[in-house]
Amino acid sequence: YVAAVYEHESILSPSPAALVERRSALELMGRNLDVYEQQVLAAARQGAQIIVFPEDGIHGFNFTRSSIYPYLDFFPHSHSGKWNPCREPYLFNDTEVIQRLSCMALKNKIFLVANLGTKQPCERTDPRCPSDGRHQFNTNVAFAADGTLLATYRKHNLYFEYAFDTPPEPDYAFFDTPFAGKFGMFTCFDILFFEPAVNLIRQYNLKQIVYPTAWMNQLPLLSAVEFQQAFATAFNVNILAANIHHPTLGMTGSGIYTPVKSFIYHNMESYGGKLIVAEIPVISTDYRTNLEKKTPGRISEKGREQSPPSFYAEMMYDNFTFVPVWGEKGELQVCANTLCCYLNYQRAVLTDELYALGVFDGLHTVHGTYYVQACALVKCGGLSFSTCGQEVTDATALMDFQLWGNMSTPYIFPLLLTSGITLDFADHMGWKNNHYFLTKNRTSSGLLTAALYGRWYEKD
């Protein structure tokens, strides 16, 4: 099928904390929706059957709970039955944004997914009802090609979004399409957690995911395109990921991903939006996921030679234990807690770049709390040990390597990032003898990061 995602540079409110009238909120959102309208038309002309827009794309961000209120559409979450907002605009008040999105889908005969803010009044007798008498949600909506509202999803894992509430229970949101079956839906930070993302995919055996996001890149392990690709690979799904484009805030990185190929956009240099359109295969549901895939691969006997000295350095706000990757070839191991990571490597040419093999097995506590088990081969920022873990975007070293670790969780995201924030794919990966491994013969360009990023959800 043909899919489209649009990385949108939002027109932002100059003062998001200021209180404004609904009318001026609609005027600002209307300017973003005008851009959406052009992009839906462009995507439809290229044959796209579905288009996805980013999180916060219509209203922007940095609001307070009260300042976002005029930007929120009313949403009848309890409303049963079909609603076509474009054809039935009179059913509910304060649904101007939903109506426009519905009309875009209808006019261009395309499935459309977008993110907006919604409000729902609640009874003050309800203990969960906020003191202002309403719930405010970060919401995705999906429309069919005739404008009918098919599914909604309220973001569960909020990322310091004080304007919004967490829904009482996780929404498991998906919708059906004639061209690729069911699509699941979640938002941004959700991708790092079991609920609802992983549970949704497993319970409903989903193979296509739509993913609006407003992601701030964090190298070396959590760049948007890097993690989106790893997620598609780990769960054997297609992901249509639309990020926002604000390079000054570190926000870029969208794509259409299959487990073996990706069409990505990562651009920290220039401004303006970007439409990606790609044709991708529908994944059949009988294909086993990577969580169980067994691939042949040799895991050699562990570190026969003496490992070089280990050292500590901070990476991604976590205290990693590293060993330097010296010389043109070798075998290394490094351990922390219960996790040991192993590396066999051979460099094509010895360059004057320092690489290190790092391990972390613990609770990550900055910008969110979640348990990580990671084995990571990274290029350091400079030649001293203290630069290992820094954000690096360019590298020249080409390497053959096999990386493996005795991970305690089945949820391993294989990361492979090369110079200029481009993606590469492993030759083989999977489980063998209770170790997860990833092998690569000769990266396509200089290696930035090769990592096994494990999420041990039970220990969050």
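Just so you know, glycine gets a Cβ as well, placed from its N, Cα and C.
Quick caveat, the model's predicted, so the values are computed rather than measured.
Per TrEMBL, active site, proton acceptor is recorded for E55. For E55 (active site, proton acceptor), the same-chain residues lying six or more positions away in sequence with a CB closer than 8 A to its CB are N115, N138, K155, T187, C188, P212, T213, A214, I244.
All protein chains included, K155 (active site, proton donor) registers 26 other Cβ atoms within 10 Å of its own Cβ. The feature active site, proton donor is assigned by TrEMBL to K155.
Note on C188 (active site, nucleophile): other Cβ atoms within 10 Å of its Cβ, all shown chains, come to 26. Feature annotation from TrEMBL assigns active site, nucleophile to C188.
Taken from TrEMBL, the feature domain 'CN hydrolase' applies to 15-282.
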Segment confidence, the domain 'CN hydrolase' (15-282), expressed as mean pLDDT: 97
